[in-house]
Amino acid sequence: MSSPTGKSAERATGPGAHAAGSPDTPRGRSRRTLPSPLRHLLFAALGLAAVTGLLLVTGDLTALRLAAVGYTMLAVAGLQLLVGGSGQVSLGHGAFMMIGAYTMTLLVLHQPMLPIAANLLIIVAVSAVAGIAVGAATARLHGPYLAGATLILAVGLPGLTHRYHEFLGGSNGLNIRTAGAPPFLQGVFTDSEWKALVVWTTVVIGLAVLATISSGRLGRRMRSLRDDETAAAMAGVPVGKTKVVAFVIASAAGGLGGGLQAYVLGTATPSSFTLVLSLTLLAALVFGGIGSLWGALWAAVTVVYLQIWATDLARSLELGRNVENNLPVVFFGIVLILVLRFWPLGLHGALTRLGARLRPPTTR
Amino acid sequence: MTTTAADHLLRADGVTVRFGGLTALDDVGLQVAPGSVVGLIGPNGAGKTTLFNVLSGVLRPTAGTITWKGAPPPGRRPHHLARAGIARTFQGLNLFPMMTVLDNVVAGADRLAAGGAFSLISGLGRHHRDERELRARALAALEGFGIAEHAHRLPGTLPYGLQKQVALARACVGEPELLLLDEPASGLSGTQIDALAEQIRGFSRDMAVVLVEHHMDLVMRVCDRIVVLDFGRVISTGTPEEVQADPLVTRAYLGASDDAAPGHTNGAPR
């Protein structure tokens, strides 16, 4: 499920790149015989099977953590397409997660009869519309100016919950109760495991869509305008439109991630969607490796588990509440600096390099 | 200018570009017939690149009209013109640095994909067949430009001469009807320029070519018609022989020496 840039860049810069062989090696051809949506859905099914297996052998607590990895990964993967794919840096991705989370809670509160799948589809639509609005407004902005504009979104949006206190619940946010496993599966899955399963089903489908886009023509268009806007335009890429489309896809993925978070945690509060979240998502993306969807997986695992380990550590050392709250951020900062110092291409870059080194050169 | 408008692939009339008080192009006309090679020459600052930017839609002229196949072009943005069949290379190559050579060239073929917006976003419908065809075309183009063995490398890792071939392959793979070449010979050695002349004559079997070039030898060898610009005005048009014989050109551009000596005769009396 990795986009071709990361891999091919690695292959091209790695030792012995000239031995990469003719582009139509049997391996290359067999990979392309299946249409890419089908191929990615197959991958998605495999991934879901793996997660289900993991859920069956682990407990409730792990189920919730896996669910957290899932929705974080979806959000980061959307950001990956935007930043790594189209070269637009967004500091406001957390805002789209917030839109998704509040849409989910409002739907459950006001339309309790709707099934979860319908809720998720509505969330995609709502956050896509938000993405169109923001993307169209910022399509002409580059680099730091774009980052600044999206920053406003991350800072400003949580404030809305106070402005519309009655409707959005102020700083306490909104709390919901979501249904657990359906009756006929109650013996097989606990409620948490069921929720993790719902999350991961959505996540793998979302990732399959993102992988299909980033490995196809649209992804190539985005990468070309990321690399050189003028040359991309002269190759027939409608620059403004493509940028907005990238923004819309990213915000839909972010919104879906946020909606799933609200579904699992049963709550949406402004304090969980602050600027810190947006910055963490972006930093996690760099950490995991820009340019590949696999980077999003490492990023999500790191964000979720560093938080847990840091909290555990603070508790076991009986540190104060203040230390406990800030330790994950410190940890994350240290790990980020170390990873970028030694592997500038992030964790995924390091892994592919390792893989390339282990593989005998003749099979390449 | 013996032919009528409909015979021209591209026609520019009265193109004027002003940057504030500076007039970069003043009432410039240009006609390109299908399958012809037109050279655009002139001393530094004569407005060649400005005219190129107008023709490729990067710059909007202050006044004047562009006609594409006897009608106004489908849009004024670069991507409209690119999709209509105008391709260009850049002085600075502008390859996509983080994409492989193959991907660079596939990107150039994008206009030939048949699938619409739906297949583009969903990856369904025509998308799979499109991708296969674009890839096959790109591979054929790489073969044709002699760079197939570098398909999976990043352009920045190749020597400059090969990077130029990648840029040419990217521009040609989309089967444009008009190819705009911005200084294709700069930085090339003598033998490479000979090969380039062959290539350009080869292009003109399938498409019209307009080139901006300082290398007079190449221009005289490959061009059917030459347009000479000086201070934003067309001072001479014609076949290489006619232009070479034009005393205005000799005075304004070629100066006293008998070979190309670009950029040092701007002050010559006109």
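The backbone N, Cα and C atoms fix where each Cβ goes, glycine too.
Automatic, uncurated: that is what TrEMBL annotation is.
Here TrEMBL flags A:1-32 as region 'Disordered'.
Within the chain, the transmembrane segment (A:38-57) has long-range Cβ neighbours (under 8 A, six or more residues past its boundaries) at 1, 31, 63, 66, 70, 189, 193, 196-197, 200-201, 204-205, 207-209, 211-212, 215. Annotated transmembrane segment per TrEMBL: A:38-57 (among others), in sequence order.
Per TrEMBL, the feature transmembrane segment maps to A:63-83 (among others).
The feature transmembrane segment is assigned by TrEMBL to A:90-110 (among others). Non-local neighbours of the transmembrane segment (A:90-110) in the same chain are 75, 78-79, 82-83, 119, 122-123, 126-127, 130-131, 134, 146-148, 150-154, 157-158, 161, 168, 173-178, 247, 250-251, 254-263, 267-268, 270, 272-279, 281-282; each lies 6+ residues outside the stretch with a CB under 8 Å from one of its CB atoms.
Positions annotated as transmembrane segment by TrEMBL: A:116-138 (among others).
The transmembrane segment annotation in TrEMBL covers A:145-164 (among others). Long-range contacts of the transmembrane segment (A:145-164) within the same chain, counting only residues at least 6 positions beyond its ends with a Cβ under 8 Å from a Cβ of the stretch, are 88-95, 98-99, 102, 134, 137-138, 170-171, 173, 269-271, 273-275, 277-278.
If you look up TrEMBL, you'll see A:197-216 (among others) marked as transmembrane segment.
For A:244-264 (among others), the entry in TrEMBL reads transmembrane segment. When Cβ-Cβ distances below 8 Å are used as the criterion, the transmembrane segment (A:244-264) is approached by residues 64, 67-68, 70-75, 77-79, 81-82, 85-86, 88, 90, 93-94, 96-105, 116, 119-120, 123-124, 126-128, 130-132, 134-136, 138-139, 176, 178, 195-196, 198-199, 202-203, 206, 210, 213, 218, 222, 272-273 of the same chain, each at least six residues removed from its ends.
For the transmembrane segment (A:276-306), the list of distant contacts is 1-3, 5-7, 9, 65, 68-70, 72-73, 75-77, 79-80, 83-84, 89-95, 97, 150-151, 154, 207, 210-211, 214, 328-329, 331-332, 335-336, 339-340, 345-352: same-chain residues at least six beyond its ends, Cβ to Cβ under 8 Å. The annotation transmembrane segment is assigned in TrEMBL to A:276-306 (among others).
According to TrEMBL, the feature transmembrane segment maps to A:327-344 (among others).
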Same chain only, please: residues at least 6 beyond the ends of the transmembrane segment (A:116-138) with a C-beta under 8 Å from a C-beta of the stretch. Say none if there are none.
88, 92, 96, 99-100, 103-104, 107-108, 146, 149-150, 153, 178-179, 198, 202, 243-252, 254-256, 258-260, 263
I need to check the long-range neighbours of the transmembrane segment (A:197-216): which residues 6 or more away from its ends have a CB within less than 8 Å of a CB in the stretch?
1-4, 36-37, 40-41, 43-45, 47-48, 51-52, 55, 66-67, 70-71, 73-74, 77-78, 80-81, 85, 116, 120, 189, 222, 249, 253, 256, 260, 263-264, 293, 296
Looking only at residues six or more beyond either end of the transmembrane segment (A:63-83), which have a C-beta under 8 A from one in the stretch?
51, 54-55, 89-90, 93, 96-97, 190, 192-193, 195-196, 199-200, 202-203, 206-207, 210, 213-214, 219, 222, 246-247, 249-254, 256-258, 260-261, 264, 281-282, 284-285, 288, 290-293, 295-297, 299-301, 303-305, 308
